Amino acid sequence: MSFEVIQRDKNTRARLGRLKTFHGEVNTPVFMPVGTQGAVKTLSPEEVEEVGAEIILSNTYHLFLRPGQEIIKKGGGLHRFIGWDKPILTDSGGYQVFSLARLRKIEEDGIYFNSHIDGSQYFFTPELVMEVQKALGSDIIMPLDICLGYGASYWETKEALEITLRWLKRSIDYKKNNNMETQLLFGIIQGGFYRELRKEAVERMLDMELPGFALGGISVGEPKDKMYEITDYTVSLLPEEKPRYLMGVGAPEDLVMGVSMGIDMFDCVLPTRLARHGVFYTKTGRRNIKNAQYKEDFSPLEEDCDCYTCRRFTKAYIRHLFLQHETFSYRLLTIHNLRFLFRLMEDVRRSIREGRLEEFKKEFLTQYLANDRENRLEKEEVWNRLLI
């Protein structure tokens, strides 16, 4: 199990890489579809593979609550349980504890929280989170961490970082003592939007001999310029030979920008969630299938798209299904949205290989954002500056 940088872009921090895991290789930069409960919503594993996925993400918090790690372990581990034989990354559940759970209480040993499902109380420790992920058998695992929202004070953020780093050390110790050699434990870099704290996090993690680094606490309500600024700064501190994972980020423009900053891995629920609300991606921005203009539009969602949806069906038909609340429409839109992102990543990797990423980035962002009225950034001048 290893990570190899195959080619670097001359003008940015972007690179092509290959991440080898117990269940196979992953070409980077890569987007990972999210299968929160063990399934990418509305799709079969075969459909997920067909759109281009090499790795998926599942959620420790949700799988711990239902069906529970013991059921999955008895079923042969997560891969066999869900029918997916390629790599799987599981996050620690820390973000979900802070975003979904109620009445949470942080102590040195871990986090007390009440399930968002039925209110039952649980106590997550770094060791328990590792134990759950061991039972799942996922290829890449994450330690328990504290994720704060945008606007947290310096001292609140510093305290959360200190606990996160101590929990990381405990997670590493658990892994070493419990026969988890086939699983790669990444460190999660916290520190909010304070450069000093991000730097401290990286410096202390460099001594822990981790196989990869995840950037956490990003895309938590901050403006886009803040997100890009702290991402770019944090990546500049990281070693070249290790993979970098930007957690919870996956909008098309963020993928392109993130790759140019040196990010190798992304995940996000956005493409599947948008699909269930009738929103689909095009090269000129997001569109909504509910719009009346598509009532008699017998063209595909996007003319040059090679996905199953665009090869077989028209906007008019998909709109009809969606307005009748037919679940097939959610599936068709999900297939298209995921394939759009995988085609985008294919184009990004090709542009790196051909030494023209900067040119591709400018062309894509100019076209995508100029017409994307439903997805305007908070400050257009930010993009003007980034495209110079």
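Cβ coordinates come from backbone N, Cα and C, glycine included.
Among the features that Swiss-Prot reports, active site, proton acceptor is placed at Asp91. The substrate binding site annotation in Swiss-Prot covers Asp91, Ser92, Gly93, Gly94, Tyr95, Asp145, Gln190, Gly217. Under the heading region 'RNA binding', Swiss-Prot lists 248-254, 272-276, citing sequence analysis as support. Marked as active site, nucleophile by Swiss-Prot: Asp267. According to Swiss-Prot, the Zn(2+) binding site annotation covers Cys305, Cys307, Cys310, His336, on the basis of sequence analysis.
Known features from Swiss-Prot, placed on the structure.
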residue : record                       : DSSP (3 states)
Asp91   : active site, proton acceptor : strand
Gly217  : substrate binding site       : coil
Asp267  : active site, nucleophile     : strand
Cys305  : Zn(2+) binding site          : coil
Cys310  : Zn(2+) binding site          : helix
His336  : Zn(2+) binding site          : helix
Proximal but sequence-remote residues of the same chain as Cys310 (Zn(2+) binding site) (Cβ under 8 Å, at least 6 apart): Pro300, Leu301, Glu302, Glu303, His336
Near-site residues: Zn(2+), ref Cys305, Cys307, Cys310, His336, CB cutoff 8 A to centroid: Pro300, Leu301, Glu302, Asp306, Tyr308, Thr309, Arg311, Ile335, Arg339, Phe340
Within-chain partners of the region 'RNA binding' (272-276) [C-beta distance under 8 Å, separation at least 6 from its ends]: 33-34, 40-42, 286, 330, 333-334, 336-338
Gln190 (substrate binding site) - helix vs strand vs coil (DSSP): coil
For Cys305 (Zn(2+) binding site), the number of other Cβ atoms found within 10 Å of its own Cβ: 20
Cα-Cα distance linking Asp91 (active site, proton acceptor) and Cys307 (Zn(2+) binding site), given in Å to the nearest integer: 29
Rounded distance in angstrom between the Cα atoms of Asp145 (substrate binding site) and Asp91 (active site, proton acceptor): 10
Around the Cβ of Gly93 (substrate binding site), the count of other Cβ atoms that are within 10 Å: 27
